Structure formats: structure tokens, C-alpha cells
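Structure first, commentary second.
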Amino acid sequence: MTTSSYFLLVALGLLLYVRQSFSTHEHTCQLDDPAHPQGKCGSDLVNYHEEKCEEEEARRGGTNDGGKKRRRASPLWKRRRFLSMLKARAKRTGYKGIACECCQHYCTDQEFINYCPPVTESSSSSSSAA
């Protein structure tokens, strides 16, 4: 394969990746948008998101206590970092993301799972190897 066609293939793949990552956010929210009656906000959002990600990891062959083996940040630290990210996003005039999608609007369980980090082979194999 020539260099130019390789470059074109990589550029096309990158373009498709960027397009897919932006298409997952269906809404744009404003600061004064009210919360959806069935939306999850604040610590409820954090807890539910963490629960769904752990369930998805377990379903794909990981374990719920895999964080200790991979030296993942503690749940309290993740929660603080997540809440600070939500506050930073709220300062913007229009924002997208899990707070907009699942607090101001209603998210299905599958939409919550879409915000989970991908389960890698190393996370599944390291938990089963111990």
C-alpha cells in the first residue's frame, strides 16, 4: 500500500471515529434547563453510572472487585472527580455529555453503558488470573 493511500485510510478512520463520538450526544443543554422528572442528577447520577459500568464489566467477564486488582481510583475519588467535571461543564453556556443526556433528559440503561470506559482484555484476564 502506498503512503498516500495509507494516510487517506487513517484520515478516513479518524474522521469516522470523531463523527461517531459526537453523534452519541443527542442533546445540548443550557444552565437553566430543568431536570427531567426521571433524570438522574448529582450523586444519584454518579452512583447509577458506576453501578451500570460495574454490571457491564461483570457481564463481559470482569469482576465487580476488579478495581483493586487494576489499582483503579477509589470510588470516592472517582465521584469527586466526576462531580468537579459536572460543575466545570455547568459553567459553560451550552454543554453536552452525561449530565445533559441523563439529568436534563432521560437515559436508558444502554445510554448509561455507552458512557462507561471500554472493558479491555487485560481487565478481564487480570481478574481471572488472580
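Each residue, glycine too, has its Cβ placed from N, Cα and C.
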Name the residue from C102, C103 that Swiss-Prot records as disulfide-bonded to C107.
C102
Taking the disulfide-bonded residues one at a time (C29, C100, C102, C107), which has its Cβ surrounded by the most other Cβ atoms within 10 Å?
C102
Cβ neighbour count (within 10 Å, all chains shown) around E111 (4-carboxyglutamate):
16
Take the Cβ of P34 (4-hydroxyproline) and count every other Cβ within 10 Å, whichever protein chain it belongs to.
8
Would you mind pulling the DSSP three-state label for P34 (4-hydroxyproline)?
coil
Work through the recorded positions one by one (C29, P34, C100) and name whichever has its CA nearest to the CA of C107 (disulfide bond).
C100
